[in-house]
Structures are given as structure tokens and as C-alpha cells.
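Report on the structure given below.
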Amino acid sequence: MNIDKFTAHAKSAITNCQHIAAKNDHQQILPLHLLASLFNEDTGIIRTLINNSGGNLNILADQVQVELNKIPKVQVDGGGTIYSSAELLKVLQRADDLAKNNGDSFVTIERILEALSFDNTIAGKILTNNGISSKKLAASILQLRKGKKADTESAENSYDALKKYGRDVTELAESGKLDPIIGRDEEIRRTVQVLSRRMKNNPVLIGEPGVGKTAIIEGLAQRIFSKDVPETLINCRIIELDMGALIAGAKYRGEFEERLKAVLGEIKESSGEIILFIDELHLLVGTGKTDGAMDASNLLKPMLARGELHCIGATTLDEYRKYIEKDAAFARRFQPVYVSEPTVEDTISILRGIKEKYELHHAVRISDSAIVAAATLSNRYITDRFLPDKAIDLIDEACSRMKIELSSKPEELDELDRRIIQIKIELAALKKESDEHSKKKIEHLTAELEKLESNSYDMSSKWQAEKSKIQGQQKLKEELDRARIDLERAERDANLAKASELKYGIIPEIMKKIQETENADSKGLLKEIVSESDIASIISRITGIPIDTMLSSERERLLVMEQKLRESVIGQDEAIKSVSDAVRRSRAGIQDINRPLGSFLFLGPTGVGKTELTKALAGFLFDDRNAILRIDMSEYMEKHAISRLIGAPPGYVGYDQGGVLTEAVRRRPYQVILFDEVEKAHPDIFNIMLQILDEGRLTDSQGITVDFKNTIIVLTSNLGAEILVNQKEGEDTYKVKDQVMEYVKMVFKPEFLNRLDEIILFHRLNQSNIHDIVKIQLEGLKKILSAQNIILEFDEPALNYLAEKGYDPSFGARPLKRLIQREIQNNLAKMILAGEVSSGKIVKITAKKEELKIQIID
């Protein structure tokens, strides 16, 4: 007997039996220890053999443990030597003889089990007493191996390789576990056509992620099950190869190749009845490749070329080009079947087809408007993924959200129960008091508590009844699903009596019951129908784009948007109106979907409110004045700096980091983008903007298309400022627009200007405007001081003084800020530090005799 002729699993079993003996303080290793070790092996081979021979592994393992406990324990200080018994050596020798007699080069674990069944020791008796004879084991081994010989050290890995490393898709179709496949007839027909060829009958499905490549295979499996395929494929089974299971645990060199060869061998023996499906086909290229070893694709090539292997691959366009096309010999053995993204109409049909499966899983109902919304809204707003996958995800998440809400207590009932708890706590505290007021309060609260508890009981009963109704509906739908699967099976097996009973008796009866429960009073506490607004709400959460149904308060807010913006931007009514109209168009849903929500060029002198209006707009839309993407164009004066916006080109530092502009918009597609001081940038930068303004998209350095259709783009410039500054007070800006545009046309190309929604001129601020701005600035200071509990007051003379002294037509409102810092904030800072102004005091600002006075009132 040569121990080197035992397989790795057999050696492991022998080693483990030594550990079992040591653990139990036994001095000898007996066949019983070896049997216990075999029962612990993890390949599942022993369990299969025991089951096929009419035994039960769990019962046998318990009996072995009982016998192990009967063996006397010998405890030796410092540990003693454990000897192999003569019986054990006889069993191993018999296993070696059995292997040789059956033409095996290596002794496997099943031969050791067979050798134990011949044994007259306790181990052998346990097997025979449970009806597991050597003859039965020999027959089970033959059935398991299917005539294969053990000629490698890891021979056990090749048994039932397809079952171990594959998933039977046709079996899933038979048991009704696959979703129905709608459409894709052309792709399935082309796949069947390639599979029916004599040579190179291997289609590869190529398409973007999420377009339904795997679904086509499931559709083909369903057609094979229903015999809706040519005769050549009627008896075929589709087995999906599990690459993870194939690679996992392949420790030794050549073990992976051995497993793959075992899979291919079983497919070859099936005489064309097994079609191998390899999802993510590109993983085969290079898998298992080590020094001197072949990768998986090279093992497949001979069988693929000869037509001995029916194989369907699936991969994406990028990975097909990157991995498979580079290996021309591998690529030519496959016939590409291109799977395009379905249209919105096709997606709606697909969603209608799988609707029942999702309703059954989540125990909710899906309205048709939700299906249409999922297809149309996902196509419009989720641009970095593909239909139908992104639409199915929306439906799934909306159903999941509703299911969670259904299982939770309704908000109305929850508030009621919380109020009851609050009153009970209040009553417990009041009962300790004895005064008259407390007694009256107790009476009042007791009456309120009785009323609330009665309402809570009624509402809880109603809620429980509604939950029971929904659970009843769910059970009926599950029954209907099972009945339909049984009907398909009965029709396939030509069991006409059962088919007619199901078709004309059981199924109509269940459908009638479902209809009755659905038609019952639906105005309850629980909402169980997924609607269009639920889908819109999910998209809003994913993208940040507010497309869910507007509340009446938001509608009113949008109608008075100009007033809100005028609170912080003074004297620029024309600009405010243009921006407000753009926002209202987008929220009303009548905006051109292929362009940004609005694109504006703000022209005017410094300090008149160009940047301030952009901040006010961000504050209105997002409740955060800083929620804008501000790009200072003075940083892009050199030509090479332009690439920072879309990312560095390949080969340059920072290529993998993405662009400043594109990455920010990808992460937050709904925002205000401000290109400040745009005339200072290099002229070539406007070539990038042409695509954004016209098509609402831009491709970054890595080839990813970024969607700008939900952004508001604002460009500010000081071009023509001297004309606007010298304009007469109160004169309409349109009178000088032509003069300003001459300056603008000298800097910007006509194709750029033509793509802007509006070019807005900001006129210079007058004395009245400055007065209003002073008030806003002092209100801001008042808010800052209130945080320190200091009250700031100011009168009209102070406002007039600051407005008059801070007014400069050439510089707008900016000198005003410096004046307030100099005249008020500097003096206040000194007073606070000196302790003159402290918490609770009032600071009053007034003006007397052309001088600003700061008074402190206790």
C-alpha cells in the first residue's frame, strides 16, 4: 500500500481520523475513527452514497458517536503516541485493492467507505445494520462516477461536476421560478439559429449592462420547457456555469483545469443535450493562468471549434472589445448576437409582463400608471444606466418601500398612541397633587383619555382587519401562482383531466375570490397600490431632482418666486423675472427636455447683484445659498487648464480623477452652475460649453456622458460695464443693449451666444436701491448679534446716512459693505471686547449731524 496513491480527500480523511482519536483520548486509531472522519468530509460525496444506498447519514453519525464514547479513554501526561490499529491498516489495504480491481490509479474516499462495509469491526457492523451493504455501495459508486476512473489526486472533484459547478436554468423554468420574458423574439430566434449550426454553434450575447442578456437565456429555457423550439433543441438543458464555485478552493496547480475538464467531459458525453451558459464570458480569458498553465479559454477552444460544446456567452460591449477580441482564435469560435437597449414602449410591455411576480413577492398592487412612469422617468432622469434594468429597479424599490409601510403602524394611529402615553404620564404625576385645580385637570384628562383610547381601539381594529385582508389576498395570489405552474405542467404531460380541472375550475375560482377582496372598500388606513407619485418619489431620492408631485405650498411658492428673490436682490427685476420663468417652466414639466433648465449670461457693472442673484436662486431651490457649483473662470486663462473641467486626457497626471465640472454634475445632477467672470477664461473654453447649452450633455475624458439637462447655467461678465455705469438714472437698459452687445460679440462667438436662453443686462444701482441694500445688510448683522443675545436697532436717519455715504455708481453695493465694516462693525467689536456691550444689552444705531452714533441701552 502506497499512501501517495491516495487522493487529497482520502489523505485528509486519514489525517482527520487521527485528530478524532486524539480528541477522544483513544490510544489506537480504529476503523470507527475513519468512518467518523468520512462522515465529516465536506464534498457531499459520502452523504450522496449513503442516501443512494438507503441509509441516513445523521442516524449513522449518531451511532458512530455512541460507539466512540464506549471506547476506554487513556490519558497520558504530556501526550502519548497514537498507534494505527491492524484493523485500520487492513481497511486501507482493502481500499487499495478495490481501487486497483476497478481500474483506478488513486484510492478515493468512496473506496475507503466501500472497504469499511466489508469489515467485521464495529464500523462495518454499523453500516450493514443500517442496510448499507458492499453491493449497494458499489452500485452507488458506479452511478455517481458514470464510468469515470480515478486517475488524478483530486478525482472526487470531477464527480457530478455539472451539478456542483452549474445551475440548471431549464429546471428553474420547469418549477416556475423565472420571470416571464416579454419580447426579445428576434434575439432568441438568432440565438436558436446559431445553436442549430453544425460547427461553431456558440452565440455570444453582447450588450450594455442591464439590457436583458441573461433574460434572453431564461426566455430560451422557458421555450425549451414549453417545447417551443426546433426539434434539435427540444431535449436540451441549459446549465449556467458558476465560475466562482469552479475557482473557489482550487489550491493545487492543475486543480482548476481538472474541474473544468470534468464539466466539459460531462457536456461532451451528453451528446449535445447540454447547452453551457457562461455569464460574464470575458472572465474565462486569463482565468487559471499561472506559469506554464493554460487559461480556461484555451481549454474550451478545441471543443468550441469542433461543435462538441454548445456554449452561450454573455458579456458587455466594453469587455468583449477589451478581453475577447484580443484573442482572435477565441473570438472567432463565437457568433455575436447584439442585444440593444429596449425602447420605452418595449420596457412598458416588459414591466407589465413581470408585474404579477413583483406583486406576489411584495404583497402590494402596482398600478399601470406606475409602470408607465417607471419606464418614462427612468429613461429621462437616470442617464448612466440602461432600460429595462433601471425601470425594474424603480418598481422593485417602490414596492419594497410600500411593503415596509404596510407592516408598520399607520402614522395617524401612532400619533394617537403616543398622545395616550403622554396623558397617562401626566395623570400619574397629577394624582400625587391634592389641590382643586389638579382634580379638575385629572377629570378633564380622564375624559380625553377615554375618548382617545376608544378611537385608538377602533382604529387598531380597522388596521388589523385591513392587514388580515391584505394577507388573505397574498395567500390567494400564491395559490393562483402555484395553480398556473401546475396547469403548465399538466398540459406539458398531456394530463388533460387535471388541466381542465385547473383551467375551468380551480383557477377561475381563485381569481374570483381575489377580485372580490380587491373590490371591497379600499378607503382605509393602509395604502397598498404603488402609484406614479411613488415612482417619482424614488427617482427624486436617487437623483436629487424634484420631480415628485408638487405640494400645494410649493405651487404657491413658485408663483411668488420673484418676491422671494427680491428680498435679497435689489433693483434687478428683469433678471429676476427671466430666472423665475425658467424655474417655473421646468417644475411645470413643459421645459425642452434636451437642454438645460435655463442658460443665462448676466452682464453688468461690478457689485450690482449678478452673483448675489445666483446665490439667492440656489437658496430658493435648495434652502442653501451655497448649494451652487461655482467655477471662477479666471483660473482657466491658459489653454491647458481647460482640461480640468472634463478631466485630464489619457497619459496625464489626474486622468483617473475626473473633471471638476463633470464629476460635480454626475454626483448632483440638479444644481445651479455659476461660471463667474466668464470673459477672463481662454476662448477655447466656450467650445466645451456649446454641447452643454445645445444638447444638455458633455462627455468627459473617460468617455462617460454627463447629463446637464437638470442644471441652471449662469455666466457672469463685466463686458460693456462702462456703458451701463454711464447710463442715465432710470433709463431702460434696452436703449444701450446694442452698444453692450458690440463688446460681447468681440469676445464670444455667434454660435455660443445663439445657444443662450437669455442675455440679461444688470443696470447700475440708484440711491433708492442702495437704501434697501443697507437695510438687508443691517438685518444680517442683527441676526449675527442675536446669537450673542445682543439686540441691534437702527433708525431711518442711520439708513439714509449709510446709503448716501456708501453710494458709488461705478462700484455698486460693494463699497457699502466696507462702510458698514468700518463705521459699525469695527466699533462694535471694540465695545464687545471692552465689556461695554454684553449679553442682554440693546445697541441702537442712529445718525446725527452727518455722523453715525452707536448708543448702548441696558
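Glycine residues also receive a Cβ, built from the backbone N, Cα and C atoms like all the rest.
Residues or ranges marked as ATP 1 binding site by Swiss-Prot on the basis of similarity to another entry: GLY207, GLU208, PRO209, GLY210, VAL211, GLY212, LYS213, THR214. Look at Swiss-Prot and you will find GLY604, PRO605, THR606, GLY607, VAL608, GLY609, LYS610, THR611 tagged as ATP 2 binding site, backed by similarity to another entry. Taken from Swiss-Prot, the feature coiled coil covers 392-523, and the record attributes it to similarity to another entry. Summarising the annotation, Swiss-Prot assigns domain 'Clp R' to 3-147 and lists sequence analysis as the type of evidence. Here Swiss-Prot flags 6-71 as region 'Repeat 1', drawing on sequence analysis. Swiss-Prot lists 84-147 with the feature region 'Repeat 2', giving sequence analysis as the kind of evidence. The region 'NBD1' annotation in Swiss-Prot covers 160-341 and is backed by similarity to another entry. According to Swiss-Prot, the feature region 'Linker' maps to 342-544. The region 'NBD2' annotation in Swiss-Prot covers 554-764. For 765-858, the entry in Swiss-Prot reads region 'C-terminal', with the evidence type similarity to another entry.
Structure coloured by features recorded in Swiss-Prot.
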residue	record	DSSP (3 states)
GLU208	ATP 1 binding site	coil
LYS213	ATP 1 binding site	helix
PRO605	ATP 2 binding site	coil
LYS610	ATP 2 binding site	helix
Largest tally of Cβ atoms lying within 10 Å of a Cβ, found at which of the binding-site residues GLY207, PRO209, GLY212, GLY607: GLY212
Proximal residue to GLY210 (ATP 1 binding site) among binding-site residues GLY604, GLY607, GLY609, THR611 (C-alpha distance): THR611
Rounded Cα separation (Å) that holds between GLY207 (ATP 1 binding site) and GLY604 (ATP 2 binding site): 51
Within the region 'C-terminal' (765-858), residues counted as helix, strand or coil by DSSP: 51 helix, 18 strand, 25 coil
Counts by DSSP class (helix H/G/I, strand E/B, coil) across the region 'Repeat 1' (6-71): 47 helix, 3 strand, 16 coil
ATP 2 site, defined by GLY604, PRO605, THR606, GLY607, VAL608, GLY609, LYS610, THR611: further same-chain residues with Cβ within 8 Å of the Cβ centre: PHE602, GLU612, THR716, PHE762, GLY812, ALA813
Residues within 8 Å of the GLY207, GLU208, PRO209, GLY210, VAL211, GLY212, LYS213, THR214 Cβ centre (excluding the ATP 1 site residues themselves): ALA215, THR316, VAL339, GLU341, PHE386, ASP389
Nearest recorded site to LYS213 (ATP 1 binding site) by CA-CA distance, among binding-site residues GLY604, GLY607, VAL608, GLY609, THR611: THR611
GLU208 (ATP 1 binding site) versus LYS610 (ATP 2 binding site) - Cα distance in angstrom: 44
The domain 'Clp R' (3-147): DSSP-derived helix, strand, coil residue counts: 96 helix, 6 strand, 43 coil
Nearest recorded site to GLU208 (ATP 1 binding site) by CA-CA distance, among binding-site residues THR606, VAL608, THR611: THR611
Integer average pLDDT (0 to 100) for the region 'C-terminal' (765-858): 79
Cα distance (Å, whole number) from THR214 (ATP 1 binding site) to THR606 (ATP 2 binding site): 60
Nearest recorded site to PRO209 (ATP 1 binding site) by CA-CA distance, among binding-site residues GLY604, PRO605, VAL608, THR611: THR611
Of the binding-site residues listed as VAL211, GLY212, THR214, the one whose CA lies nearest the CA of THR611 (ATP 2 binding site): VAL211
Least buried by Cβ count (within 10 Å) of the binding-site residues VAL211, VAL608: VAL211
Binding-site residues compared (GLY210, GLY604, GLY609) - highest count of Cβ atoms within 10 Å: GLY604
